[in-house]
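Chemist: My questions all concern the structure below.
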Amino acid sequence: MTEIIDRPAETVTIEPIAGYLGAEVAGVDLRYELDRATRRLLTDALYEHKVLFFRDQEIDHAAQIRFTGYFGPVTDAHPLGYTDKSPAGYPQVLEVDSRTYASRSGSRQYSYANHWHQDVTALVNPPAITVLRAELVPEVGGDTTWADLAAAYEGLPSSLQRFLEGLYAENRFGGREPRWVRGSESDAVTSATPIISEHPVVRVHPVTGKKLLYVNPGFTSRILGLRPAQSDTLLDLLFAEITDPAYTVRIRWTPNSIGIWDNRATIHQAPSDLGHLDVVRVLHRTTVEGDVPVGVDGRPSRSVSGEPFYARSA
Ligand SMILES: [Fe+2]
């Protein structure tokens with residue numbers, strides 16, 4: 001698996017699939033190490049299109065970790081140490097396996113978060129990039145949808161943009177209303193290790209410089225400096241904006257497909273159309289270490305509780 005195929009980058013095609021974000025990539029074989037030109041091209045494409053999809057990539061965990069590493073240092077699976085969800089020898093891989101969820105919760109569940117979210121914005125440095133590889137997916141159903149947080153910001157009236165740029169919001173597991181049951185494993189783990197951070201409501205993307213509407217229903221619990229009712233009303237408005245279908249792309253998984261997304265510039269929604277079907281869905285997630293967000297005023301995010309989540313040093 002160390003063979004380097006000196007594949008000219010111009011053989012790679014990148015085809016946009018929605019108005020704001022999302023592209024399908026062809027002409028890349030992830031079984032082999034990619035040359036520098038192709039890696040550069042894919043990195044640029046990721047920041048441009050925010051979600052890239054690769055089809056028919058029959059690779060293993062090691063190759064997925066190598067691919068993820070092209071975009072930055074690869075972290076362990078999860079800051080709450082869900083190592084029992086990682087395959088043996090690959091602590092970087094988080095298993096998204098409907099069979100595991102079913103045995104834990106006693107009911108059908110196809111993802112640990114069946115609602116709109118960014119990955120782990122409870123952290124002071126949420127993952128920059130996420131990779132998800134499909135192993136077993138149903139013939140129909142189980143699509144993932146992403147939305148473009150820069151487009152959502154740019155779609156706001158300028159008066160509202162200016163107002164939001166001075167605000168910061170608290171992010172914690174579960175957001176305003178944790179969806180898990182009291183006494184469940186999720187309840188126990190998140191209570192035992194509280195991870196809480198304050199992020200700018202408008203974040204400046206460190207690579208593209210774009211302003212992002214940086215809140216999400218999965219983690220954002222309140223806007224600082226507002227009364228609870230005001231915070232809830234404003235969050236309702238912002239959540240409606242960032243989940244406007246106009247800003248989304250919905251992608252169908254196929255076996256051996258790989259999705260990679262900019263976790264700073266997008267939110268995503270796991271499927272909720274499978275509960276009535278008797279199907280299995282198994283995907284493998286890896287993440288790239290993130291930076292600490294910075295607001296328009298240059299102020300960085302602040303950790304209220306919990307440590308930054310770094311990739312382990314080589
Ligand atoms: Fe996610």
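Quick reminder: no glycine exception, Cβ is built from N, Cα and C everywhere.
Note: TrEMBL annotation is automatic and uncurated.
Positions annotated as domain 'TauD/TfdA-like' by TrEMBL: 14-274. The annotation region 'Disordered' is assigned in TrEMBL to 295-314.
Where in this structure would I find these features, and how exposed are they?
Modeler: Over the domain 'TauD/TfdA-like' (14-274) the predicted model carries a mean pLDDT of 92.
Residues 72-76, 79, 120, 122-125, 127, 165-166, 168, 170, 193-204, 211, 288-289 of the same chain lie 6 or more positions beyond the ends of the region 'Disordered' (295-314) yet place their CB under 8 Å from a CB of it.
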